[in-house]
2 protein chains.
Amino acid sequence: MIQHPAFTVEPWWIRECRLHLDVLPQTESVFALSNGHIGLRGNLDEGEPHGLPGTYLNSVYELRPLPYAEAGYGYPESGQTVVNITNGKLIRLLVGDEPFDVRYGTLHDHERRLDMRAGTLTRKVHWTSPAGGEIRLSSTRLVSFTHRAVAAVHYEVEPVDQPLSVVVQSELVANETLPGMGEDPRAAAALEAPLELEENTPGTSGVAVMVHCTRASRLRVAAAMRHDIDGPTGTRAEADGGDDVSRLTVATRLKPGERLRLVKYFAYGWSAQRSRPALHDQVVAALAAAHLTGWEGLLSDQRAYLDEFWAGADVEVEGDAEVQQAVRFGLFHLLQSGARLERRPVPGKGLTGSGYDGHAFWDTESFVLPVLTYTHPRSAADALEWRQSILPKAEDRAEQLGLRGAAFPWRTINGEECSGYWPAGTAAFHINADIADAVVRYVDATEDADFERETGVPLLVATARLWSSLGHHDIEGQYRIDGVTGPDEYSAVSDNNVYTNLMAQQNLRAAADACVRHSDRAQELGVGLEEIAIWRDAASAMVIPYDERMAVHPQSEGFTRHAVWDFDSTKPEQYPLLLHFPYFDLYRKQVVKQADLVLALHLRGDAFTPEEKARDFAYYERLTVRDSSLSACTQAVIAAEVGQLDLAYDYLGEAALMDLHDLEKNTRDGVHMASLAGAWTALVAGFGGMRAGNGRMCFSPRLPSGITRLCFRIRYRGRLLRVTVTADTTTYELLHGQALTLSHHGEEFTLDRAPLRRTTPVTPVPATRLRQPPGREPIPRHAAPPSRVTPSPSP
Amino acid sequence: MIQHPAFTVEPWWIRECRLHLDVLPQTESVFALSNGHIGLRGNLDEGEPHGLPGTYLNSVYELRPLPYAEAGYGYPESGQTVVNITNGKLIRLLVGDEPFDVRYGTLHDHERRLDMRAGTLTRKVHWTSPAGGEIRLSSTRLVSFTHRAVAAVHYEVEPVDQPLSVVVQSELVANETLPGMGEDPRAAAALEAPLELEENTPGTSGVAVMVHCTRASRLRVAAAMRHDIDGPTGTRAEADGGDDVSRLTVATRLKPGERLRLVKYFAYGWSAQRSRPALHDQVVAALAAAHLTGWEGLLSDQRAYLDEFWAGADVEVEGDAEVQQAVRFGLFHLLQSGARLERRPVPGKGLTGSGYDGHAFWDTESFVLPVLTYTHPRSAADALEWRQSILPKAEDRAEQLGLRGAAFPWRTINGEECSGYWPAGTAAFHINADIADAVVRYVDATEDADFERETGVPLLVATARLWSSLGHHDIEGQYRIDGVTGPDEYSAVSDNNVYTNLMAQQNLRAAADACVRHSDRAQELGVGLEEIAIWRDAASAMVIPYDERMAVHPQSEGFTRHAVWDFDSTKPEQYPLLLHFPYFDLYRKQVVKQADLVLALHLRGDAFTPEEKARDFAYYERLTVRDSSLSACTQAVIAAEVGQLDLAYDYLGEAALMDLHDLEKNTRDGVHMASLAGAWTALVAGFGGMRAGNGRMCFSPRLPSGITRLCFRIRYRGRLLRVTVTADTTTYELLHGQALTLSHHGEEFTLDRAPLRRTTPVTPVPATRLRQPPGREPIPRHAAPPSRVTPSPSP
């Protein structure tokens, strides 16, 4: 957790006004820029000091061996790890005869600002070198949303009050030395200097190009740079390079009032198939296009792209400036992770760090895509098309496991399973139903029939086939799914996990329905009426365990008979539990890492009565320790639904501030995409009460005391809606598109041109606040004091 | 499986009449000699060819890293592996100018014979070198039961019909190159040349001594040799050495009728604490004592030790010569594994090979000790005193796991857990109840009150404390043990495993009873009446799941609702299943690797009615694939009990011939101590129907059609009994000790000096033979043809 206010609270910016070296690694993640294809951590321009240097290209990974003390059939032998590729953002500076390094000399002023409307990271520095050379420096960095392969830096340096000689070195550097590589010497060896040089053409003729290939995974990566230089007469530029570095050195002498300005354009490309010359040309061409657009053009394109995004996605929160900022921060990073995916995955940390080895998990389908589906639907389609692209590998995996259909990997970059611990990896089959759920949601939200036909049907069929081979009928004809792991990672390999069974049930039905709608496509995939009937039968006979004695749903069969974890004897420093207790002990007791049954209450709310929801939620609140970032947002949604609005508000705070406050102490490894998405979900699905499906969008708005006004935009079936909730009134507006039937707290109405107002019902304050495990209560949410807020209008 | 008859069928010998190089590795295990302290694989004297060179000292191991693709709390970081120590059995021979090597020249005759009454391995060779030098060679090897630190070889060579120059090199060699070290490069590096030289004193003055220390585990190992040489005048001997070899070279020229005879005495000592000079002196002293005894003295001491053993342990089987030989082979190896343990473990393979890394498992307490308890009880006490010696480590492990009492390691040499896969290691808590069971059995069989007080009570208390922290009461007051793994390794981490719960119940009660008998000792251990009451209450409230619907006991809660394994689609080459299917699939289905519920039917037979036993056995027969050597013997016992005598007989054959026929194709790694013990168990507990406990020994004899007479000896409470069973009559004799009450098929009687005869009841032939999974039926047992049998009287 960040102990001091690292960032100011402002609605459209994340601003750092002092350089705290203790949180440098965290700020590198928070200030990361990405377009879903390229990711640049918020490293200082000059490279040092740093927490973790990071430049990533989506799906560029190296292989590393996965070792086992005792091997087993079907264990993956090698894993994939995202690699830090050629660093193009590096600009070193020599002032007089001393290198600019914030750890030396005097740093008078420092400001970095992530501008969520401009899509830029700007930096302003006022620094005096140890020898007395005083400069002002400003840089602006962007990763272009409109030029997928391109990033750029606008860099300006000027002397303050005396003439200074200044040398700027703009570089491409590969195989940077990274801090601590983990304990396995073989894995570390695989990841040290993973790039083999194939070409290093210095920028003597303007454009410098470097081409590398990863040592084991054989992915070719090209990086290129070119510059616009603007300095006083006598400014001289030279290009050189060698081994893993390419350099443009610009030397000049600046008088007060003069400045050296450098615009650096850099571009990336990679391929597992294309040749070195092809990639060389690809990046040079990308630079030519960017250079033609120019710096100002890139800036204005960037802003236009974001204006369009915010127009359909923005959430306004009055009464809580921190949450206001955080939800936009979350949406901004979500867009960054998904904007230009083009059939690549959204990793758990986006492209903001190397946490989780850069792997994509179910986080994408169950947390990130529900937000992108209603705000930037093209990205949701892209991510699902990536799943389709790895379908052959998932089918191979299913075959290896003795199953039909597809078994998608628990964690992966290239589509092959990278999980080295099967009870919490391969056994977590729910990921397949989560993918199906994302397909169903996307198709419902967009009516994108082409997508459903081309991508949706194959994914639904492959996952339905998995479920129909994974389950079996018992002697009473009930359909059971035994020995699998649900979302809660403090339980594993149990029978009839309610979440899994309900999601599988939906998966089977959705596959059946989609095959009926696209019977020709179904036929291509070999789906006949008999198979469809088998799916429907399995769905209808699905076992949903219920504990009559306790009047709650057990997370899995037998769960409610297990011993309850001894929370009273667990010390605060023993969380997260998995670092202090063995799995065997966690698995056999009633203790929940993250929403599991409660996630079912959200995603399959139709399967529970309101009374069941209230009882189940209360029961699991006492057991859930939230040692995962995939929990608070779901708890917020259900807390709101059962009328525990202040509790929901606390959970909203936790989800929203996960990274800005570094609540799990690992933001240094990258931001938590799922939790960032959760801020939107807690607001829209929680306090907005939004649920959608089968062409119907329903709202049940209710606000906690800390929020005075909540306004959100949603894209649904070609419409753009705006919903504004206050304590008294909810206003529905159709900003774009044709009339649509909605519901407000169960009352249906048709929304057309004219805004409609409805009363926001009063939610009675609950008699008792629900209990959580001692010490694991969410931080009570108090709105940020208004004095720190800089008001700024919404677009 | 050995495809040709490797060994002749003779009652007291294992004899090989031809050298089959294809089964050389297996013969090295079968012909291994050991006294429980030293183990020598049956390598050829001259060292090559070999399958696996092997010289072991009980508990001399090296550490090796245990790697994990995904680490977890409480995972052991390093494992122990038995190391091949200094080879003292090596005697090379030069005939004329050519090395004696059976792969060259002409091998006219070859015989090796393991003599189970003499306790020796003899070898006779008639060979002509490629250059025409023709010799006869004989060697006799022993590992002394009476001189714990000593082994010896009597080696004799003579020319056949022409004078020959002969050179014999008798050596100590350390760090022999071993074949394939496994795939983990770090583990292989740790185990390559694991011995660091500390001293190499050549035998110039008669005794050669080498001292080494293991690289990481820091265990000091001393080896020494001295010789008696008898050759014609002019025979010359020289000692030299260097690095990891010490050598005595004896050169002579032999005329026909002359011979060179060498007696080699070699001794070993090791210590984690004693100094190099102390160990040096220790082995030199051991040699001095052995030399004083002399070769003939060692031979006669060896025979006397074995005469005493066989007098109390022999089993005679008429009608099946193969089983006759095999049960003696098993008893001989059991004695070898346990004779001179002196607080060291019995590894799963004894000291006959490096299989399972030389680890000890529950095999010892649940399969080996039940035999040694009634045949060589001192060894059972030794093995349990070893458990007591590692109790502090087991208590540390329990604490690490958040439990009270002791959590004994699943696999270990030095007492620390070496299991790198917790669901089939740490979670298999039943090992603790198995140790308690062995304590209870030993105390019942010996009335050894000192042992009970000094060793029994601490072991029972520590294990009872484990169970009382591992289980919990549910809302109805039933005592549950959730999330543990029973004996069947094709299920894991399930609730209320019947075997585990019944064994824990017995453990809790035995601890309570022992604490009442030794209340002062209990007090020393901090056990009060309240704790005893807690144990008794937990035992009384223990959940024993029962499936009313199927009218069988589920192996664990929910087991009988799982899908039954698709045996029909499983191909013969897909066994053992764990090499062809993922754990996730095995765990979630009804398929049983080895007796689990059926082992409970044996060890806790008191908890089941005869009808339950019959139904349960029939149910699990259909599910049990016997991918483990720890199964057939238990199935034999229960098959006999439920009247399936021919099925029991087939299982007896499988258990008994596991190694002589290499049924699991891994005898090369060492013999299967538990299965060898199982031959005795199948005969005595199966066809003899022997059960004992609480001072009562009961028999229910019944013979399968293939056995005409079964006669076994049993030591019980100071008595030596002999029971002789034929199809009609059972005769009970008290060979030694006071009168004793026994029972015969439930009818009690007192046995005193006079033999008593009882009728062996006729067991009706069952209407149907029970079904096993297709292709997994035991090999039908047909008695070996009598022509191959050489009759030989029992002592």
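Using N, Cα and C of the backbone, Cβ positions are placed for all residues, glycine too.
Some features that TrEMBL has for this protein:
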| type | residues | note |
| --- | --- | --- |
| ACT_SITE | B:Glu489 | active site, proton donor |
| BINDING | B:Trp362, B:Asp363, B:Lys593, B:Gln594 | substrate binding site |
| COMPBIAS | B:757-771 | compositional bias 'Low complexity' |
| DOMAIN | B:19-271 | domain 'Glycoside hydrolase family 65 N-terminal' |
| DOMAIN | B:328-681 | domain 'Glycoside hydrolase family 65 central catalytic' |
| DOMAIN | B:690-751 | domain 'Glycoside hydrolase family 65 C-terminal' |
| REGION | B:751-795 | region 'Disordered' |
Integer mean pLDDT for the domain 'Glycoside hydrolase family 65 central catalytic' (B:328-681):
97
Chain-mates of B:Trp362, B:Asp363, B:Lys593, B:Gln594 with C-beta within 8 Å of site centroid, substrate:
B:Phe361, B:Ser366, B:Pro487, B:Glu489, B:Ser628, B:Ser629, B:Leu630, B:Ser631, B:Ala674
Can you check which residues sit near B:Trp362 (substrate binding site), meaning Cβ under 8 Å from its Cβ, same chain, 6 or more apart in sequence, and list them in order?
B:Trp410, B:Ala428, B:His430, B:Ile431, B:Asp434, B:Ile435, B:Pro487
So, by DSSP, how many helix, strand and coil residues make up the domain 'Glycoside hydrolase family 65 C-terminal' (B:690-751)?
0 helix, 41 strand, 21 coil
Sorted by position, what residues of the same chain at least six away from B:Glu489 (active site, proton donor) have a C-beta under 8 A from it?
B:Ala424, B:Leu578, B:Lys593, B:Gln594, B:Ser628
By Cβ distance under 8 Å, which residues at least 6 away from the ends of the compositional bias 'Low complexity' (B:757-771) in the same chain are close to it?
617-618, 621-622, 639, 643-647, 701-703, 725-732, 744-745, 747, 749
Can you count the other CB atoms that lie within 10 A of the CB of B:Gln594 (substrate binding site)?
22
Neighbour count, 10 Å Cβ-Cβ cut-off, for B:Lys593 (substrate binding site): what number do you get?
22
C-beta crowding around B:Asp363 (substrate binding site), within 10 angstroms:
25
Please count the residues of the compositional bias 'Low complexity' (B:757-771) that DSSP assigns to helix (H, G, I), strand (E, B) and coil.
0 helix, 3 strand, 12 coil
Diameter of the substrate binding set by C-alpha atoms, the set being B:Trp362, B:Asp363, B:Lys593, B:Gln594, in angstrom:
16
Need the DSSP three-state call for B:Asp363 (substrate binding site) to compare against my parser.
helix
